[in-house]
Amino acid sequence: MVTLPALLFNKIITNIDNSDIAQIGTIAFLGIFNMLGGGLMCFLVGLVTRCPKRWYGGLISVGMFPNISDLPIAYLQSLEGYGIVPDVDRGVAFNCIYTVIQLIGQFNCGLYRLIEWDFRDALKNAGDEEETVSTSASPESVQHTDCSNSLTSINSSVDGSDADGNQPHFLREKRTGRRSSRSTARRGLDLGRTESACSGTSLREMPTENMADMVRQYSRFDELAAGSVKVNDPADLQVAPNTTPSKSKGVWSLAKSFIFLLLDSFRKPISLTVVISLIICMIPWVKALFVTTNQAHISPAPDGLPPLSFMMDISSYIGAAQVPFGLLVLGATIGRLEIRDIPLSRWATPVAVTCVRLVLLPIVGCALDSKVDKDGLFYNEPILHFVSNIVFCMPPATSNIYLTAFYTPPDYEDHIQVDCLALAYICHYVALVVCLPFTAAYTLKVPLKY
């Protein structure tokens with residue numbers, strides 16, 4: 001994730017200064033309301049429509065975390081060419097602040113674990129299976145293992161794969177089947193791509209990737225269930241060796257763990273970039289090193305520009321790729337979604353969540369924004385009012401799909417979490433074609449009077 005930090009760095013420093021603290025406070029209030037209100041509404045809808053118990057975490061995540069990093073920026077930039085909305089760059093900066101609020105809630109505060117909660121039974125059962133394997137060795141098998149280890153030390157040519165010979169056959173076969181099926185599928189895809197590239201055959205002849213391929217690629221279920229790794233960077237789906245054994249913790253230990261998680265999350269590239277950018281833009285003489293500002297003056301470089309303006313050029317060049325790349329990833333991800341064997345009784349929750357997220361929540365959000373505008377809390381910033389309205393009418397974030405694949409077993413048979421999420425996303429993006437233009441047109445015509 002290089003392009004998003006570059007975009008945040010460039011837009012925040014260029015368009016935000018210490019006179020915009022009040023606007024940032026308004027954005028923080030509306031961003032938190034958007035997350036909590038969306039999550040609460042979707043949870044209530046899940047209760048009414050009898051949502052599957054193993055998808056409540058994903059359901060709340062769909063309501064809490066909209067896709068406000070790429071789509072609003074693309075929408076603003078498309079309007080810039082027609083001169084409809086002024087100060088588009090400032091609007092992009094405000095949207096970046098909304099994105100930061102959501103990222104802090106989802107990753108820094110650990111709310112991404114809502115999706116992990118859906119797989120609690122599968123993780124517990126797999127962990128119990130691993131514990132059973134490690135404790136079910138009989139005295140005869142232990143003696144056999146000791147003899148095997150002695151022979152292995154004498155003859156170094158013995159294959160190390162025989163170390164699992166003392167495990168029960170059905171458990172060993174099941175776990176080996178998981179790994180072999182995943183590796184076989186990956187090798188098959190790689191061989192298909194290699195043969196296609198070497199022989200020059202058409203890409204249309206290659207098999208289309210689906211959600212099962214995504215699960216096999218990103219799943220870390222086996223390692224998490226065994227307790228050998230822990231989630232290190234959920235934003236990049238990275239894991240690290242687990243050095244501390246899991247055990248029951250008290251309230252104080254849980255509070256300490258949360259504080260350490262929050263502080264450790266600020267070391268990640270996006271969080272660190274936001275902190276540095278806000279510090280720079282709030283100190284006028286430091287900001288003057290990067291961009292020209294009316295609040296402070298620093299002698300320019302020999303080329304007549306601020307001394308560190310080259311950093312803004314680099315960040316602008318890299319950050320400009322964020323929206324195209326984000327939309328490409330979004331399109332590729334949506335193209336992988338598929339619906340498999342979902343009973344009609346389970347369609348109610350995804351369809352109802354779509355109505356809540358793209359119809360009811362925008363109505364509530366636009367009404368709240370009108371009240372905020374009447375109270376003068378938009379501070380005569382029409383672009384802030386426009387951005388605040390359209391962020392209430394956004395589909396779920398793409399990260400929810402990858403997090404679900406991250407926690408899904410690679411050989412999953414009961415794919416209720418994946419199927420419900422796929423159906424919810426398909427419904428959202430179909431309805432978005434109508435809901436987002438309607439919300440944008442309403443905002444331009446009624447509150448902003450363009």
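Glycine is treated like the rest: Cβ placed from N, Cα and C.
Worth saying up front: this structure is predicted, and the values here are computed from it rather than measured.
The transmembrane segment annotation in TrEMBL covers 27-48 (among others).
Residues or ranges marked as region 'Disordered' by TrEMBL: 130-188.
As annotated by TrEMBL, compositional bias 'Polar residues' applies to 133-159.
Under the heading compositional bias 'Basic residues', TrEMBL lists 175-185.
When Cβ-Cβ distances below 8 Å are used as the criterion, the transmembrane segment (270-290) is approached by residues 1, 4-5, 8-9, 12-13, 16-18, 21, 100, 103-104, 108, 235, 296-298, 306-309, 311-312 of the same chain, each at least six residues removed from its ends. Annotation source TrEMBL lists transmembrane segment at 270-290 (among others).
Outside the transmembrane segment (310-332), and at least 6 residues removed from its termini, the chain residues within Cβ reach (under 8 Å) are 2-4, 6-11, 13-14, 67, 69-70, 73-74, 77, 290-291, 398. Among the features that TrEMBL reports, transmembrane segment is placed at 310-332 (among others).
The feature transmembrane segment is assigned by TrEMBL to 344-363 (among others). Distant neighbours of the transmembrane segment (344-363): 34, 37-38, 41-42, 45-46, 48-52, 55, 59, 62-63, 66, 389, 392-393, 395-396, 416, 419-420, 423-424, 427-428, 431-432, 435-436, 439; these residues of the same chain sit at least 6 beyond its ends, with a Cβ under 8 Å from one of its Cβ atoms.
If you look up TrEMBL, you'll see 383-408 (among others) marked as transmembrane segment.
Residues or ranges marked as transmembrane segment by TrEMBL: 420-444 (among others). Here the transmembrane segment (420-444) has long-range neighbours at 52, 55, 58-59, 62, 71, 75, 84-85, 211, 334, 337-339, 342, 346-347, 349-351, 353-355, 357-359, 362, 366, 385-386, 389-390, 392-396, 400-401, 404, 450, meaning same-chain residues at least 6 beyond its ends whose C-beta is under 8 angstroms from one of its own.
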